[in-house]
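Asks: I am attaching a structure below and will ask some questions about it afterwards.
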Amino acid sequence: MTQQKSPLAWLGGKSRLADQIIERMPAHQTYCEVFAGAAWVLFKKPESKVEIINDINRELTNLYRCVKHHLGELVAQFRWMLVSRDEFDTFLSLPPDALTDIQRAARFFYLAKTSFGAKIHKPTFGIAATAPPRLNLLRIEEELSDAHVRLSRVFIENKPYDQVIQRFDKPGTLFYVDPPYWGNEKDYGEGVFSREDFARLAGILDGLKGKFILSLNDTPGVRETFAGFRMEAVKTRYSISAKANQAVGEVLIFNFKGR
Ligand SMILES: C[S@@+](CC[C@H](N)C(=O)[O-])C[C@H]1O[C@@H](n2cnc3c(N)ncnc32)[C@H](O)[C@@H]1O
């Protein structure tokens, strides 16, 4: 196991469920994470021959590309920074399209690390009397260097889920599919995912040549929509949300038996 940590906290991030998912992975040649977010499963699992992470969020995939290709320049952006509400507000007010890719990645990383509850879609400055900031400016180089090494041979895609599944579906592919939770479809922005997408996703997964593991919250709607597949209930705790640390039920859904 590589058992690294993702450099990001992310809404719906699977830092606590990753080990249970990795234990259930069958042999495969190509690993494709369709809704990557902070990619906790990729960072924790052993390397596969070919690996792809995909997310529709362009800020996120630009960050991964800069960590992979421009580590030194990205780290240099943080040289004289502080964790402060002023700096947070300044970053928030900068239009990403007017920045270079490296400045854009630094803006996104700063906001993701310093926002309350990792709500990057509508970020607010996170500050607490009981915990230090999640952005440790003294360790940024170390943290991002580990991610750089892990991402050095990973393909990074920025496509809607259906296109990336279609592109990489082969008999030797394992997809890890971690869409927004049922009931939280709008958490990652308007127009990227809707309730109807669950049925669409079930239809696409039904015709797959490769294998998949899908994780979702255990709700009647999820059980009904994915009733045609093998399902296993598992327990975890949310890492980031108003319900952080509460035990919650999730389901893992598969199109294969055993490992
Ligand atoms: C539950 S999170 C993934 C969390 C991830 N497994 C982790 O450990 O951090 C869902 C992700 O799906 C992405 N997403 C939402 N709609 C999408 C779409 N239509 N196509 C691709 N990605 C999408 C969001 O940007 C978000 O990062």
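Every residue gets a Cβ built from N, Cα and C, even glycine.
Predicted automatically and left uncurated, TrEMBL annotations should be read as such.
Below are the features I grabbed from TrEMBL:
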BINDING   W10, K14, D55, D178  S-adenosyl-L-methionine binding site
Asks: How many other Cβ atoms sit within 10 Å of the Cβ of K14 (S-adenosyl-L-methionine binding site)?
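Replies: For K14 (S-adenosyl-L-methionine binding site), the 10 Å Cβ neighbour count is 23.
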Asks: Using Cβ atoms only, which residues of the same chain lie under 8 Å from D178 (S-adenosyl-L-methionine binding site) while being at least 6 residues apart in sequence?
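Replies: Result: G12, K14, E33, V34, F35, G37, V41, L214, S215.
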Asks: Rounding to the nearest whole angstrom, report the longest C-alpha distance spanning W10, K14, D55, D178, listed for S-adenosyl-L-methionine.
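Replies: Pairwise Cα check on W10, K14, D55, D178 gives a maximum of 15 Å.
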